[in-house]
Amino acid sequence: MMDIDFKEYKLRCELHGHDDDVRGICVCTDENIATSSRDRTIRVWSLGSDDKRKYLASKILLGHTSFVGPLAWISPNEEYPEGRLVSGSMDTSVLVWNLVNGEVVQSLKGHKMQVTGVTIDDDDIVSSSVDQTLKRWRNGQLVDSWEAHQSPVQAVLKLPSGELISGSSDTTLKLWKGKTSLRTFTGHADTVRGLAVMPDLGFLSASHDGSIRLWALSGEVLLEMVGHTSIVYSVDAHASGLIVSGSEDRHAKIWKDGVCVQSLEHPGCVWDAKFLESGDIVTACSDGVARVWTVRDGMIADQMEIDAYDSQLSQYKLSRKKVGGMRLDELPGLESLTVPGTSDGQTKVVREGDNGVAYAWNMNEQRWDKIGEVVDGPDGAGDRPILDGAQYDFVFDVDIGDGEPIRKLPYNRSDNPYDAADKWLLKENLPVAYRQQIVDFILQNSGQKDFNFNPSFRDPFTGANAYVPGQSSHTAATPAKPLHKHIPKRGVLVFDVAQYDGILKKMTEFNNTLRSDPANTDKSLTEAEVSRMGAIVKTLKDTSHYHATSFSDTDIALLLKVIQAWPTAMMFPATDLVRMLVLHPHGASLLIKHVENNNDLLLDVIKKVTEDSPLPGNLLTTVRVLVNLFKNPSFHYWLQRHHSQILDAFSNCYSSPNKNLQLAYSTLLLNYAVLLIEKKDEEGQAQVLSAALQIAEEESADVDSKFRSLVAIGSLMLEGLVKKIAIDFEVESIAKSAKASKEAKIVEVGADIELLIRQA
C-alpha cells in the first residue's frame, strides 16, 4: 500500500433550505457559496458572523421555470461589487444575476434544450446544451454558436491555457480554439459528465462509466481513478493536488495521487462536489441538502450535529435495506398474516423489526407457518428478485394476451432455458405451442445470445432433442417481448368534443360588441355571415355524414376573417371551430391550402396568440387545433417541419395553472412523439423528450398531463432514437417518482420506463 499523508475530512456544517435535489455548486469566495436545485431556485450562502463554521442563506434567486444545474461566478467590478452569477437550466435559458440585489440582469435565450454547462471566457459566457451546441454570449447577445458534438454536450470548461474543453454523451472530449476543434480525446466508455482544471497538469473528466481521468492537453491519460460503483457526475481539484468526485453511488470520494483516500457517504446521490480555497469541500446531495466538510480541527461540527448526521445515514440505509430482493420498508407488517393464503405453500415475507421473515401458508391447518429469517447473501445477492419464496437471477413478466393475467417466469442463468420453459408451461397449464417463444424470450432477455445447447437434453413431450438456436426451425413464432403496459403509444389522440351552442353564442356576443363599436364595426360579421357560420356548425355537428358533406372556399374564408381580423381577445371561439374543422376530411383539405402557401395562416395564429401577454383561452384552443392536425396525414410534413417553432412557442404551457391547457400541451407532445418516431427524426424526438420531461417533473402537473408526458417519454425511449439522451437526463429518478405515485396508471408507466432503463 502507498503511504499517503492525509487527514480525514469531517462534517463542518449543513446548508438546509432547498426543497429538492441540490444539483450544482459555485464557490464564489470562501465566504460565499451558491447552490442550484431541482426546486428551480438558486440560493446564496454567506459565512456566519457568530459561528465561522456555519454558512447562512443570504439570498434566494428566483427566475428559472425548471430545475437549475450549472453555475459560474463572474468576479466583481465597479458596476457589480459582489460579482455576478451565471446559471443554466432545464428551461433552456442562461440567466445572469446581480448578487447585490439578486435580480436577473441578462436572460440569454437561444438553446433549444437543457443547458448543461456554463463557463466564463474572459468577458464572454460559453454554454453547452443537450441540443449538441456550444454558444458564446457577449454583453447579453449571442455572438457564436456551433455544433460541438453529434450527441448532447454535457459540460464545458475554460482552461488556463485559453482553450475550451467540452464533454459529451458521445463518450468523447474536444479541445476548442474558437470554433475550431484542435483535438478529440477518446477513452471513456460512456457519457462524459463533469470537467475540472487540474492545476499545472491538465484537466479532469468524470464519466458515466464510473471513472475519473486526468488528461494532458496532448491527449495523454496521466491517471485513471476507478472506485465509484455508479455514474460519476462531477469532479474538482485543489491546489494541494487533492481531487474530489461525486457519484450516483451516494459517495463523494477524495483522491490523492490517483488513490482514493476517503469516501464521504451521503443519504442520496451526490450531484456535485467543489473545493473551497481553504481545502474544505462542498457537496450537493439529492436529499436537498448541501454540506461542507473540513480537515481543520477548529471548524468541525459539534458532536451532536455529527451524531445527528450519522443517525440520518443509518435511517436512510435502513429504509433501503433489502431482504430477499425486496426493500425492508416496503414489506407488509405482521398484521398481513391475518389474511388467509390462497394456496398450500404460498410464501409471504413480512417485516419483523429490522428483519424480513418468511412464512408459508398451511392449507390443512389454515395458518401461516414461520419458515425463518430472509437474509441477503454476498456479492449483491440481495438484489436478486424473489418469487414464491425463492431467489432467481431473473423474474420476467410474460403477457399471454387474450385478457389473461400477467404471468411470472423465473429463471437462473445456470438453468437450461428449454427445461425452464417446459416446467413453466406445465406449471401455468399453457399450450406447448408457446415453447419456442418462451425459450427465445429467455435467451434474449437474459443476455444469452450464444447459448450452447446440451445434446443430452430430451424434450419431455416428444423424447427428442430440442431446437438448437441458430439452426433452421419450422416455427416462425415471434419472440416474446417484455411487457410494457402503456408504451409504445400507437396512433394519435384528438380533442373531438365541442360545445357548439356555446361557441356560437360567444361569437354572436363578440360580434355584437364589435358592431356597436364605431372603431371596429367594419370587422363585424353581417347577418348573412352569421347565418353561414351557423350552417358551418351544423355540418360539423353531423359527424356521421362527414364522408358526404363538404365546405366551400367562402366558408373557410369566413372563419379566417374572424381569426385574422377580430381582436386577439375575441378569436378563441373561431379557433375552436377550426379545431373541429380539421377533423372533417374536406375541411382539412381546404385549410391546408392556407398552410402550404407563403402566408402560412397557422404560423400567423401561433405568433398572434403567444405574443405579449398570452390569454389562456387562445393558447388552449390553438394547441387543440395543432393536436387535431395529427389526425390528417396531409398535415404531417408541416407538423414535422415546424416542430421546433411550435414547441418553443408553447413551451411555458407545462407549468400553466390551467389544467385543460396542461392536458392539451401534453397531448401535443404525445402526438409529436408518435409522428417523429415514425419519421425517425432524432433532433425532433430529443426536443419532445426534453419538453415531456419538464411536465413529468412538474409537481403540480395534472395526473392526465403527467401520464401522457410519461407515455411520450417511454415511447421515445422504446421505439425512438433518444433512449441514451433520456438516461442522461436522469429519467430514472422520474420513473422512481412515478412509481411512488398514488395513481395506478402513473405507477404502471413508471414501471414501463424503469424496465427500459434496466435493459439499456
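Each Cβ is built from the backbone N, Cα and C atoms, and glycine gets one as well.
These features come from TrEMBL:
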REPEAT    15-55  repeat 'WD'
REPEAT    61-107  repeat 'WD'
REPEAT    108-137  repeat 'WD'
REPEAT    146-186  repeat 'WD'
REPEAT    185-215  repeat 'WD'
REPEAT    225-256  repeat 'WD'
DOMAIN    360-456  domain 'PFU'
DOMAIN    485-756  domain 'PUL'
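Counted over residue pairs separated by six or more positions, the repeat 'WD' (146-186) shares fewer than 3 Cβ pairs under 8 angstroms with the repeat 'WD' (225-256), which leaves the two as not touching. Looking just at the repeat 'WD' (61-107), the mean pLDDT is 94. Counting same-chain residues at least six beyond the ends of the repeat 'WD' (108-137), those with a Cβ under 8 angstroms from any Cβ of the stretch are 69-74, 86-90, 92-96, 143-158, 164, 166, 176, 195, 644, 648, 686-687, 690, 725, 728-729.
Residue counts for the repeat 'WD' (185-215) under DSSP, helix first, then strand, then coil, are 0 helix, 19 strand, 12 coil. As a summary of secondary structure, the repeat 'WD' (61-107) carries 0 helix, 26 strand, 21 coil according to DSSP.
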